[in-house]
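Each remark here refers to the structure printed beneath this line.
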Amino acid sequence: MAQIRKLMKNHWLKNVIDTPVLSKSITSANAAKTENSTIKEDEIKMFSNQNEDWWNLNGPAKALHSMNAIRVPLIRDGLVQCPYEDRTPTPLKDKKILDVGCGGGILSEALAKIGAEVTGIDASRNLIDIAQEHCQENIKLINKPKYVCTTVEEHLNDHNEYYDGVVASEVIEHVANKELFIKSCVGVLKPGGRIFFTTPNRTRATQILGICISEYVLNIVPKGTHHYDMLVTPNEMSFLLERNNCHVELIYGLFYNFLQNRWSFVNSQMLLFAIQAQKLE
């Protein structure tokens, strides 16, 4: 407790607490230099520096690896409407999926294993190189994802309404212009296609448990991974999706048991949540 109290007094946490909520910034407070870009350079640099440990199952990305146990079924069930197809080894066969902010390819490879035609994009050249290298070394992965170093707004230029599904898992909390990000993600999605996000909620519980304790006490993820003022709420996500011609179909709470390295869906959205929406015709 003494260590937690000390952190609460530190300058970094004071700034976090004093930061205004994001509801205003969702529509009007993006800095001019990021008006036409989703890139936040310091975020790209931070994740690029983690390149050596991306595929270490016990490293900094440990929670992302175990998260596949719930996010892959979520995406599968959202895209596959036929129960019979759901029972095949490759239920996502012929489904084109864009993995936005794919990092080292942890989710991209998992989706490719069940048949999806996956394109993974990331603004970090280092991470794209890692994803490509691991993909080529994985001889068991016959259906290999395609990786491109780009942003979703740039990718939209040549892929308007191209994908059956779009995924941005643990990404939107790291982008500069969230409205442009969602608009671009929806833009590459076919009418009738589905879009999936997972992200921490902007609550005091996340601030204390998900940032202060997880990063600065327990070291579950690297220090500085999340910033309270960059988080969004389920209501804000729903608002932006609906404003961009989508119907929100479900919102689930997520919980990570770090002792067991296990994820589960829960009723409470206090810490993290997953949201699924369909693009209207």
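Using N, Cα and C of the backbone, Cβ positions are placed for all residues, glycine too.
Small disclaimer: the values here were computed from a predicted structure and weren't measured.
According to TrEMBL, the features are:
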- ARG71, GLY101, ASP122, SER169: S-adenosyl-L-methionine binding site (BINDING)
- 98-197: domain 'Methyltransferase type 11' (DOMAIN)
- GLU170, GLU173, HIS174: Mg(2+) binding site (BINDING)
Cβ contacts within 10 Å for SER169 (S-adenosyl-L-methionine binding site), all chains included, total 23
Number of Cβ atoms other than its own within 10 Å, given for GLU173 (Mg(2+) binding site) = 21
Round to the nearest Å and give the CA-to-CA distance linking GLU170 (Mg(2+) binding site) with ARG71 (S-adenosyl-L-methionine binding site).
-> 11
For GLU170 (Mg(2+) binding site), the number of neighbouring Cβ atoms whose distance to its own Cβ is within 10 Å equals 21
Averaging the pLDDT values of the domain 'Methyltransferase type 11' (98-197) gives 97
Which residues, sitting 6 or more apart from HIS174 (Mg(2+) binding site) on the same chain, put a CB under 8 Å from its CB?
-> LYS40, GLU43, PHE47, GLY101, MET230
What DSSP reports for the domain 'Methyltransferase type 11' (98-197) is 41 helix, 29 strand, 30 coil
List, in sequence order, the residues of the same chain other than GLU170, GLU173, HIS174 whose Cβ lies within 8 Å of the centroid of the Cβ atoms of the recorded Mg(2+) site.
-> GLU43, GLY101, VAL171, ILE172, VAL175, THR199, PRO200, HIS226, MET230
CA pair ARG71 (S-adenosyl-L-methionine binding site) / GLU173 (Mg(2+) binding site), Å rounded to integer, equals 17
